[in-house]
Structure formats: C-alpha cells, structure tokens
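Noted in TrEMBL for the protein shown:
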type: ACT_SITE; residues: 20; note: active site
type: BINDING; residues: 20, 200; note: Mg(2+) binding site
type: BINDING; residues: 21-25, 33, 37, 65-67, 69, 71, 181, 187-189; note: substrate binding site
type: ACT_SITE; residues: 68; note: active site, proton acceptor
Ligand code: IPE
Ligand code: IPE
Ligand code: MG
C-alpha cells in the first residue's frame, strides 16, 4: 500500500541535489555503468514531478561535474549521448508541465549537437513559471566562482560579495535551502560552493536510481525540523520565526 505523504509545515523554496550512486546501482546488478545513468534519468523525471507537486519552486541538480571528464571515455560519451537523447525526449513533457529549464555550467568542451540542444530546451521552456529546473552540466563550484570573478573584473567593477553573487551562474534564483546528496557520500564534490553557504545538508543512503517520493519526503521532513539560524541565536530566531535568510 502506498504510504501517505507527510504533512510538511514548511517546504524549501530551492532544493539542490547531488544525484550520486548510478554506477553502484548498475554494478550491483552486473550492468554497465551507463545503465545506471539511464535509470538515473528516470529517477530525475520522478523527482521533478514530486518536487513540483510539493510546491518546491526551484530544483537544481548536479548531472555532470567538471571532474567527471576524468572518467573512462566510453562512460563520458555515454553520458553525453544520454543528455542529447533526454533533451529531445523530455523537453515536450517539461514544457507541458510548466517547468522552466536552465543549463548551468561551462559549454566549452560540449559538442555542437549538445550545445544546440541545451539552447533550444531553454528557449522552448522560457515562458514556464511553475518550477525552475537548473541542470548543472559540466559544472564546478570553483569554475563558477572563477567565471564570476572574471566577469566582474572585465566589467571593471570592484569585487564584492554582491557583485560576485550577481555574476554567479545561479544568480537567477535564491540560494538553495536544502542540499540533498544521495549515494551515501558526505561531501560536496565541487558542487555549489558559493551558493550553499547556508543550505541545510541532507545525506541519503539511497542510490540515486532508487531515490523515490518516500526518500524525497524523508529529506523534506528533516528540513522542516531544522532550525536555521544564519548566525543568530536560537532565541532570536524563535522571535522572528523566519526560515529564510531575507
Ligand atoms: C552520479 O553517479 C552520476 C554522475 C557522476 C554522472 P556515479 O556515476 O558517480 O555513481 P557511483 O558514485 O559510481 O555509484
Ligand atoms: C558528483 O558525484 C557529481 C555528480 C553527481 C554529477 P561524483 O561521483 O563525481 O563525486 P565523487 O568523485 O565521488 O566525489
Ligand atoms: Mg559517484
């Protein structure tokens, strides 16, 4: 029987996810790693739908890191093919369900086919407003800080937290409230280094292809029970009653 959904007193505005564990999922089934990535796409579809249903406004997922180029070439090309296929297959449904897509990361090193697909998907969904989906592909937190600094410097502006923040690749959304990493590892792996300054962290033992609605609800429930202090005292937070930084 399907478990009923927990009653969440507060839903994070922005959820970020390190979708980890595809390779182990495949390995346990004696399948090639790319089969795990394929199953990972299914888990992502499920997660997008569940987040939108729960009122999450922004979902940011880590799909391919700057360091993932160091994997075996067949796995890298498998991941590129999977992205290209997913773009043609998934965009109509995302468009129909009100999801606005953004691709975040360096486009250097991506094939012309992939680059064109990313740009087209962004245009196709640009008028949607139900939920923003940021797909971090060829992304690294250090790359992001460096590209922001380079942009600010080339505009001749002083480097401040504000100017850098505006030049970061996720400047179109507020910082993540909740960062989930699946697959059991407890590290950031060069994900949103700047933006996660005050995100709540949740590490899930589930491998990404197995991450389902119940696993998502477990993370959302844990988030709802956290006290976010942003440097203040617990007593100050209790009087203001705010979950957000602003
Ligand atoms: C995450 O799963 C997907 C990518 C990094 C592209 P992994 O492929 O890292 O899976 P594990 O960690 O080897 O199980
Ligand atoms: C992080 O996972 C990157 C993505 C999920 C896209 P990795 O599997 O690459 O991270 P490490 O190497 O275990 O730190
Ligand atoms: Mg991994």
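Note: Cβ is positioned from N, Cα and C throughout, glycine not excepted.
In TrEMBL, annotation is done automatically, which means it is predicted and not curated.
Classification of residue 20 (active site) by DSSP places it in coil, neither helical nor stranded. In the structure shown, across all protein chains, 21 is the one of the binding-site residues 21, 23 with the greatest number of other Cβ atoms within 10 Å.
For residue 37 (substrate binding site), the nearest neighbour among the listed recorded positions (20, 68, 200), judged by C-alpha distance, is 20. Ligand 1 lies under 6 Å from the Cβ of none of the binding-site residues 66, 181, 200. Taking the Cβ of residue 66 (substrate binding site) as centre and 10 Å as the limit, one finds 18 other Cβ atoms among all the protein chains shown. Highlighted here would be the binding-site residues (25, 37, 66, 181, 188, 200) whose C-beta falls below 6 Å from ligand 2, but none qualifies.
For residue 69 (substrate binding site) paired with the residue listed as 'active site', the C-alpha to C-alpha distance reads 16 Å. Within the same chain, residues at least 6 positions away in sequence whose Cβ sits under 8 Å from that of residue 25 (substrate binding site) are 36, 39, 40, 207, 208, 209, 210. When the alpha carbons of residue 66 (substrate binding site) and residue 200 (Mg(2+) binding site) are compared, the span between them is 24 angstrom. Comparing residue 21 (substrate binding site) with residue 68 (active site, proton acceptor), their Cα atoms are 14 Å apart once rounded. Cα of residue 181 (substrate binding site) to Cα of residue 200 (Mg(2+) binding site): a distance of 11 Å.
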